[in-house]
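Student: Just passing along the structure, written as structure tokens.
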Amino acid sequence: MKKLSNKKLAMLVSILCFAVVIFSTTIGIADISFIQTIKILLNRILLMDMDMEGIKSSASAIIWLIRFPRALLAFFVGGSLAICGVSYQSIFKNPMADPYILGVSSGAALGATVGIVARLEFYIFGLNAISILAFIGATGSLFLVYNISRVGKKVPVNTLLLSGIAIGQFLSAAISLMMVFANDLHRIIFWTMGSFNARSWSQLIMVLPYALIGFAVIFSTQREMDIMLLGEDTAAQLGVDTERLKRKILVTTALVTAASVSVTGIIGFVGLIIPHIVRIFTGPKHIYLIPYSFVAGGIFMILCDTLARSMISQEIPVGIITALFGGPFFVYLLKQRKTGGL
């Protein structure tokens, strides 16, 4: 497939990103026009003295307090999961790797399940007990996987992957056991499917620093990750400190994924398929793959969330929508790879 020039691709992606955010912010049960949405956002963000005649205060509140922060949260969560997927696929040299491969999602789900079953109700900086416990569970599971996998000062990739699978299965079993005795079974299941429902500025503020700092750290390793594609031994011979790189990537991606999952629940396939789609247009170089994966992941997540809340009167968990699109498309990518189409 012919690659687009970088300038054209950057311009196309920027326009598409802006359009998708505005589109998602406009769509909803309350009938608010595109022009009204633009006026409300310009008035709020740029403090421009727009003509607000005919725009109800309730419409302004819906756009600014509900839809706009939700769209931004979806963008940054989707982008974060996508670049974590890029990182794992590079350092593990495994095209099936995703942000949850080391048990982070199972740890987050266990923390959330504990909060739901125990009916814990407290808030810290606007975040509820479930989000806080999910974050602790996610980071704790990776810490456990890393320490089990460590052999001296090294962390073999195969051991890390096997440990992640084992810990993930163990934590999933613990969740299943707790679900047997849970009264809020529906709430647990809904959380594990992922949703942006009732998320607002407090959740965005929680995710934003992790997303931005995580992007900066991961992008700073783009040269080393290019070399890692040649193999760990070859990378070491070329001067890459592979163990330091793995630690840097693992810690960063764990924190970014934990922050995302803790406020939205588990949303699958974004970190798995988006890097593969972006490679079709940019090639394997991480200097392009990382930023474009971030933006593409964000756009994909916004569109899936918009569809999840507008298809029927009752909101569908966004994880179902990403799976419906992601599963078949990933099968298509695998078939293309087998026939040499990619």
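Numbering starts at 1 and runs along the chain as displayed.
Every residue, even glycine, has its Cβ placed from backbone N, Cα and C.
Below, the features straight out of TrEMBL:
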- 12-42: transmembrane segment (TRANSMEM)
- 62-88: transmembrane segment (TRANSMEM)
- 100-118: transmembrane segment (TRANSMEM)
- 124-148: transmembrane segment (TRANSMEM)
- 160-181: transmembrane segment (TRANSMEM)
- 201-219: transmembrane segment (TRANSMEM)
- 249-274: transmembrane segment (TRANSMEM)
- 286-304: transmembrane segment (TRANSMEM)
- 316-334: transmembrane segment (TRANSMEM)
Student: Go through the chain and flag residues at least 6 beyond the ends of the transmembrane segment (62-88) whose CB is under 8 A from any CB in it; none is fine as an answer.
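Tutor: Same-chain contacts beyond the flanks: 17, 21, 24-26, 28, 30, 32, 36-37, 40-41, 44, 94, 97-99, 101, 196, 199-201, 203-204, 207-208, 210-211, 214-215, 218, 221, 225, 249, 252-253, 256-257, 259-260, 263-264, 267, 270-272, 274-275, 278, 286, 289-290, 293-302, 304-305, 318.
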Student: Do any residues of this chain, six or more beyond the ends of the transmembrane segment (201-219), have a C-beta under 8 angstroms from a C-beta of it, and if so which?
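Tutor: Residues 65, 69, 72-73, 76-77, 79-80, 83-84, 86-87, 125-127, 131, 248-249, 252-253, 255-256, 259-260, 262-264, 286, 290-291, 294.
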Student: Which residues of the same chain, at least 6 past either end of the transmembrane segment (124-148), have a Cβ under 8 Å from a Cβ in it?
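Tutor: For the transmembrane segment (124-148), the far contacts come to 102-112, 114-116, 155, 160, 163-164, 167-168, 171, 191, 201-203, 205-206, 250, 254-255, 257-259, 261-263.
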Student: How about the transmembrane segment (160-181) and the transmembrane segment (100-118): at least 3 CB pairs under 8 Å, pairs 6 or more apart in sequence, or not?
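Tutor: Since 3 or more Cβ pairs under 8 Å link them, the transmembrane segment (160-181) and the transmembrane segment (100-118) do come into contact.
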Student: With CB pairs under 8 Å as the measure, which of the listed stretches 12-42, 100-118, 286-304, 316-334 comes out on top against the transmembrane segment (249-274)?
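Tutor: So the stretch in question is 316-334.
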Student: With Cβ-Cβ distances below 8 Å as the criterion, list the same-chain residues six or more beyond the ends of the transmembrane segment (12-42) that contact it, or say none.
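Tutor: Counting only partners 6 or more residues beyond its ends, the transmembrane segment (12-42) has Cβ contacts under 8 Å with 4, 48, 50-52, 54-55, 58-60, 62-64, 67-68, 70-72, 74-75, 292, 295-296, 298-299, 302-303, 305-306, 309-310.
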